[in-house]
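A short write-up of the structure that comes next.
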Amino acid sequence: MLNTLLVVGFGGFIGAILRMFSINLVNKFFPYSISLGTLFVNVLGSFIIGLLFSYAQNKGLSPLLKSFISTGFLGAFTTFSTFSYQNLLLLQSGNYLHFALNIILNVFLCLFAAWLGFIIFK
C-alpha cells in the first residue's frame, strides 16, 4: 500500500509540474479568452488515458504503473476544477459565446481524444 501511495504521489508531482508548464506555454502563444492551455492538457490527458487503458486491456500493465499514470500523473495533469472556474469567470463576465464554446470544445475534444487513444491498441 505504501508503494502505491508513493507512486501515485510521484506521478501527481510530475503531472502538476507538467500541467503548469504546458498551460503557461500554450497560453503564452495563444492568449485568448478561452484557456487553450487548459483545453490542451485536458485533450492530451484524455488521449493518454485512452491509450493507457486500451494498452492495459490488450497487453497488461502492472497495477502500480497504472496507478502512477492514471491516478497520479493524469490526475494532476488534467484539471476539471480549473476548467470549471474558467467557465464560471466567462459566465460572470457575460461572455456567453466563449463560455459555450469552451464547454463544447473541452467535452467533445476530450471524449474524441480518449476514444482515439483507446482504439490505437485495439
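Quick reminder: no glycine exception, Cβ is built from N, Cα and C everywhere.
The transmembrane segment annotation in Swiss-Prot covers 6-26 (among others) and rests on sequence analysis.
What Swiss-Prot records for 33-53 (among others) is transmembrane segment. Outside the transmembrane segment (33-53) by six or more residues, the chain places 19, 22-27, 61, 66, 69-70, 74, 77-80, 82-83, 86, 90, 95, 98, 101-102, 105-106, 109-111, 113-121 with a CB less than 8 A from a CB of the stretch.
The feature transmembrane segment is assigned by Swiss-Prot to 60-80 (among others), with sequence analysis given as support.
Taken from Swiss-Prot, the feature Na(+) binding site applies to Gly75, Thr78, supported by sequence analysis. Under the three-state DSSP scheme, Thr78 (Na(+) binding site) falls in the coil class. Of all Cβ atoms in the protein chains displayed, 21 besides its own lie within 10 Å of the Cβ of Thr78 (Na(+) binding site).
Non-local neighbours of the transmembrane segment (101-121) in the same chain are 34-35, 38-39, 42-55, 57-59, 83, 86-87, 90; each lies 6+ residues outside the stretch with a CB under 8 Å from one of its CB atoms. What Swiss-Prot records for 101-121 (among others) is transmembrane segment, and it gives sequence analysis as the kind of evidence.
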Tertiary neighbours of Gly75 (Na(+) binding site) (same chain, Cβ under 8 Å, six or more apart): Val8, Gly11, Gly12, Gly15
